[in-house]
Structure formats: C-alpha cells, structure tokens
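Enquirer: Got a structure here, written out as structure tokens. Questions coming.
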Amino acid sequence: MRPLFEGPGSNRSQPRNHEPCCAMKKRPLFHPFRYPANHLPFEGLRRFLAPPPLALLCILAFGCALRAEQLLWNRSLWLDEAFLALAIVERPLSTLLALPLPYGQTPPPLFLILVKIFSDVAGTSEMALRALPFASACLTLGLWPLLARRHSRAGLLAGAFLLAVSYGGVYYAAEFKPYATEALLSVFFLLAAMRFLEGEPLRHPAGWAALFLLAPWLGFPTVFLLAGLAGGLLAAQGTAPKRLGPAWALLAVGGLSFLAMYGVYARPASATQLRAGYWEAFAAPLPTSLSAFVWYGERASQVLCHFFGLQEPWQGAVLAGLAAIGAMAVLRRDRAYGLVLTLPIAAAVLLSMTGRFPLHERLLIFTLPLCCLLLAEGLVSLGTLFGRVRPALKWLPAAAVLALLVRPTAAAVFDPGTFERQEFRKIGQQILQARADGDAVFVFQAAVPLLEYYGRQDPRLTGFTPLSVTRGDPSSLDEAVRTVKAAGHGWVLFAHVRQREERLLEAAFEDGGAVRQRLAAKGVWAFAFDVKRP
C-alpha cells in the first residue's frame, strides 16, 4: 500500500530529499499539489504567475461565477420545473409528499422537503426554488480540492476546469430539479471512499452515518454510488480488512435506507403509464448484437455532448474515448478507487437493461463529477504518452479538448440566455401588451402547468383559460377547436414541443385564414385569431 499522501505515479522506493517523511503526516489543504512535480519549460515563471493552489481556486471561482450568472439571469421555469413548483406552492408541508404528486412527479422526498422549508421563508419565486440546486453546485466545486489525494496535480486541475465550464454543471445549478444535488452526493461519496480506502479513522461517525442514512432520500442515484463504494471496498478487502468494518457498516446503513425509501415512496410514485413509456424509450439494450454496441456508443456520445454543450456527435465520441482511457489508467493505477469511479456508471447501465432506469442525459448528471475525473485522467495519460515522443506534444490532448470547449464556454460567459428553455414569462407579457379588448387567451396543453405557476405570480394571467386534450383522441381535439372558435377572437398559447395536436390546432385556424398575428420565443409560441374576420 502506498503512503497516504503519495501522488499518483510518484517513486515509492526513494524518499523525497526536499521533505522528510515525518513532515507528511500533517499537511495544509493544498499540499498534494506538490506531488508529482511537473518539470515544464519556464517552470519558475509558471509557478510565479499561477501556483497550483491559486490556479485551482481561480478555476473554481470561475465555475461558481458562471453558476451565479445563471441564477441571477432568472430564466423562466420550464415544464418539468413547473411540475415540481406546483407541489411547493399548492401543498402545505404536512401533505407535501402525499401521493400522487402533481402531474405524476417523483422527486427525491428530502429534496422536496428542503425546498419547501426554504420557500416558506424566502418565497416561491424562481430564484428561491433554485437556491438549493445552486448551493449544491457551488459546494460541489468547493469540495473539489479534497480529491487531491488520489489524483495528480494536473489531473485535478483539468477535472476542475471541465466541471467548472461544463454545460450540465452550469445549467442544472439554476434549474429547480434535484440533478445538481445528486452530483454533490457523488463528490461526498468519493470523499468517503478515499477516507475508507486509506484506512483513516472516522472523526465524526454521527455525521457520516447521517450522510449515508439521508442520501437515498436526497437523490435516487445514491444506489449506484453505493454500488461503486461496495466494489471499491471489495477490491481493497485484502489489503486492509481490519480497517473497513466501519465502512461496511455505513454501506449497510445506506443500503437499508434506500430500500426503505424505495418501498414507501419511490416504487408507488413511479408506477405510472407515462413514466413506464419514458423508461422504455431510454432503456439500454442487451449487448448481444452489433447494433446494441452502436447504441451504447451513440448514447455515450450524446450524454457527453449534453454534459459539455457540444453539438456534433463526433465531439462526444472523442470525449467518450478519452474517458475510457482515463478509466483504464485509474483502474491500472489504483483498482479499488477506479471501481469507485466507474462502477456507478456501470451499475446505471445494468439497471437500464432491465427497463427500470432510463439512460437519459438529465438523469445521469450525478455522474458528471466522475466523468470529469475520468476525462482528466485520460488527458494526463495521453499527455504522458505523447510527451515521450516529443515534450511539446504533451499539451496536444489538452489543447484539443480546450478547442472543443471554447464555443460552449464562451456562450455560457457572454450569452447566459442560451440556457433558456421556455420563455413563458416573456411571451405572457407580450400577449398582455398585444391583447385587444375582449380577446380570450387559451393556454394549450403543456403550457397549462406554467400558467398554473405564473398565474400565482402575476394576477393578470388569471384570465387566461387552460385548454387540454387527450393525446391521440381526435374527438377531444375537435372539442378544443370548437371551444376556441366559439370565442370569436383571441390568442392561443403553446409551450414545450409541437406535437400532433398542437400542429392540428394551428392548422384549423390557418386553413380558414383566421390567424392575424404570431409571437414566438424560445420554447413557446402563440398566435392571435379572429374567426369573424372576412
């Protein structure tokens, strides 16, 4: 077993001349950045301009600034956020988790409770609802330096940069969904794994017990993180069997807590036809054919494109290959810790094969810190390999990845509106300004939950009429068309996506020449109609 604070790839057989071993027992927070030393050209100048701790702090501060910019931009809630927001604004704390939740939602119960408690104090505005995800995202960055024990200086800095500028990290920091909180749990479990694998005593056992007890109630992917931790403990069992007893006990606490949460909440809440269809669309196929392997490659590319705001599938494929190289490097260097990093992803894929977990980009955000570390390890490994050919080539992999991230990073910095999903507030104000006397306003289908939320924020929207149909039922759509035409003139407001019913409803007025004006914003659109106009 290597010394506790030894950096990856360092020489274990020779003690360091510049610092005695006894001085390594206690170290400052950023001490690990000195190992291993990277002898680069102009080393003195580089250290003067950006010593590793300062560089890391600048990267993390930049990531927090991007997340704060998104929170302060205060974009409109989109459909999925409105689903959860209605549970907060309509229900008291005593009945908050009573099933079914509005629109069949299944958020982690503790996440919903914490947001409800905060909203009772701070209100139910968009920023108040997004405060917990924002705090979770910033804390994820703040805990990053504590991962230094298992990663080289270059790997930790690269991983911090990838996480700081990641589209998923920035976007979900300002979305009222539990995904940013689940990513924070991943970092907590990585820190727990490091402490367990290094055989350190638990200084605050009650705090660790509370973490493992409450984590399943705060994020459903905890079960995958527990699987990764169990794999790491099994791999380390032969090296320090006497030191892992408390770790196994905490693992049992987390597992039993997840089973309890699943039995009393998650399983009953998820038994809906809509969710079953959603799962089927993103279920992983069994790897028994070439097409199945192609599916896995495409899915990995799409997920990484979403994580980092990339547009082309080949860009995601490059990152997927880099992450695979990083996974092999970590597993070769430290099998136990490598399993902690990779098994949560493998466990999610295995469960998806049963149809019980969709491999959708949003639901995999909990793997974002893991992917950033694997990508960073891949960059370090490739850089070392290329550096053997020519020293200057060691920077080639990092430069290539940086080139991929320039555009999404620039968009995040200079155009925070690029993260808008459905600008309901904006188009609602436009309709209020353009609305003529006597105009009826019908809010159709997916825009109804947004109206229900924003109607409580702006009393002028209470005069809008919700209009819903049964998908796939022509008679229901015909009734909706008759209802709208009976008003004579007014507006119809849509949101989310143009499905068959939205297109048919628009066509019913376009064919008769009754459309007099159109409005559109990101994710929402509307038209004014007048069926009495000659």
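Quick reminder: no glycine exception, Cβ is built from N, Cα and C everywhere.
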Enquirer: If you check TrEMBL, which stretch out of 47-65, 313-331 is marked transmembrane segment?
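Expert: That would be 313-331, per the transmembrane segment entry in TrEMBL.
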Enquirer: What range among 67-87, 277-297 does TrEMBL describe as transmembrane segment?
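Expert: My reading of TrEMBL: the transmembrane segment range is 277-297.
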Enquirer: Suppose you had to name the range TrEMBL annotates as transmembrane segment; which of 338-357, 398-417 would you pick?
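Expert: In TrEMBL, the transmembrane segment feature sits at 338-357.
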Enquirer: State the residues, same chain only, that lie 6 or more residues beyond the ends of the transmembrane segment (209-235) and have a CB under 8 A from a CB inside it; answer 'none' if no residue qualifies.
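Expert: Sequence-distant neighbours of the transmembrane segment (209-235): 108-111, 178, 181-182, 185-186, 188-189, 192-193, 196-197, 244, 247-248, 250-251, 253-255, 257-258, 261-262, 266, 335-337, 339-345, 347-348, 351, 363, 366.
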Enquirer: Against the transmembrane segment (154-173), which of these stretches has the most C-beta pairs under 8 Å: 247-265, 338-357, 363-386?
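Expert: So the stretch in question is 363-386.
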Enquirer: Could you tell me what the rest of the chain brings near the transmembrane segment (363-386), counting residues at least six beyond its ends with Cβ under 8 Å?
Expert: 140, 147, 151-152, 154-160, 162-163, 166, 168-169, 172, 179-180, 182-183, 185-187, 190, 219, 221, 224-225, 303-304, 307, 319, 321-327, 329-330, 341-342, 344-345, 348, 357, 393-398, 401
